[in-house]
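Structure first, then comments.
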Amino acid sequence: MEILKLFFVLLSTALFLSLSESAPLTADYYRKSCPRFSQIIQETVTNKQITSPSTAAGTLRLFFHDCLPNGCDGSVLISSTPFNKAERDADINLSLPGDAFDVIVRAKTALELECPNTVSCADILAVVTRDLVTMVGGPYYNVLLGRRDSRVSKASTIPGALPKATSPIPQIIDIFKARGFTVQEMVALSGAHTIGFSHCKEFSSQIYNYSKSSSFDTQYNPRLAQGLQKACSGFEKNPTLSVFNDIMTPNKFDNSYFQNLPRGLGILKSDHGLYSDWRTRPFVEAYAADENKFFKDFARAMEKLSNYKVITGNQGEIRHKCDAIN
């Protein structure tokens with residue numbers, strides 16, 4: 001009888017540990033533990049975006065750079081220490097904007113005051129991103145909750161895990177494919193370039209001394225190329241010089257980005273590649289013609305990305321501060 005009782009105790013313990021390691025994400029995860037969760041995030045996002053209009057684009061980029069390499073676990077938010085070079089100090093992440101980190105810090109601070117040690121930084125980043133996208137005209141999509149924060153963040157895991165501005169389309173397709181994303185989902189997510197800006201150094205090789213026959217890449221509309229040459233003049237001395245990704249409606253989330261590409265109005269090499277590659281071009285044309293289709297596919301792809309390789313239960317932790325492991 002004692003052996004049988006012990007067996008059931010061990011079985012129930014194992015079951016509990018199993019559930020706590022892989023608890024599913026849910027829509028109402030904080031309904032009881034932090035009832036004002038959504039309201040606090042909404043207030044934080046609204047105040048920040050009004051005072052710093054570039055926050056939405058910056059946070060969307062921060063979200064991609066967190067999720068795509070190692071999953072949506074808040075690991076990109078961790079600062080380096082003398083003993084560890086963290087993800088945010090990998091070369092490709094050095095240009096991640098301060099406003100994006102700041103809005104996460106503000107939301108975390110407010111939530112810690114309301115419900116201490118309850119809401120993960122990974123959940124905050126996912127919801128803040130969605131709310132900001134919606135705020136600038138993008139589609140609303142569901143974000144399930146219950147992520148834990150990673151205890152690991154290493155810059156060495158980043159090279160090759162994120163597309164660069166100069167990456168050829170086949171390479172970008174492979175990065176997404178390795179993470180279970182289709183070509184269509186990759187193109188839809190690339191529509192994030194409908195807001196935000198790019199630094200001149202990211203495309204300078206395309207607009208200055210490009211070849212013997214042309215000073216710029218001929219995939220550019222000539223008037224745009226000449227305008228970029230002027231706008232980026234002196235970028236070597238001033239690395240902060242930048243231009244909007246979508247020159248038509250830079251602060252509005254819409255399908256203008258896709259409409260620009262056939263006209264040679266893309267900014268980055270990867271933008272032009274989306275229209276010139278036979279695998280991605282049909283989706284560019286579809287999204288340029290139908291904004292609702294773009295919004296629907298973008299929302300679906302963002303939902304999928306926000307659930308990529310999340311950690312739950314005792315696989316991670318709820319950080320007290322988003323930039324440091326407990």
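Just so you know, glycine gets a Cβ as well, placed from its N, Cα and C.
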C115: disulphide-linked cysteine among C34, C67, C72, C121 [source: TrEMBL]: C34
Candidates C121, C232 - disulfide partner of C200 as recorded in TrEMBL: C232
Euclidean distance between Cα atoms of H65 (active site, proton acceptor) and C200 (disulfide bond), Å: 20
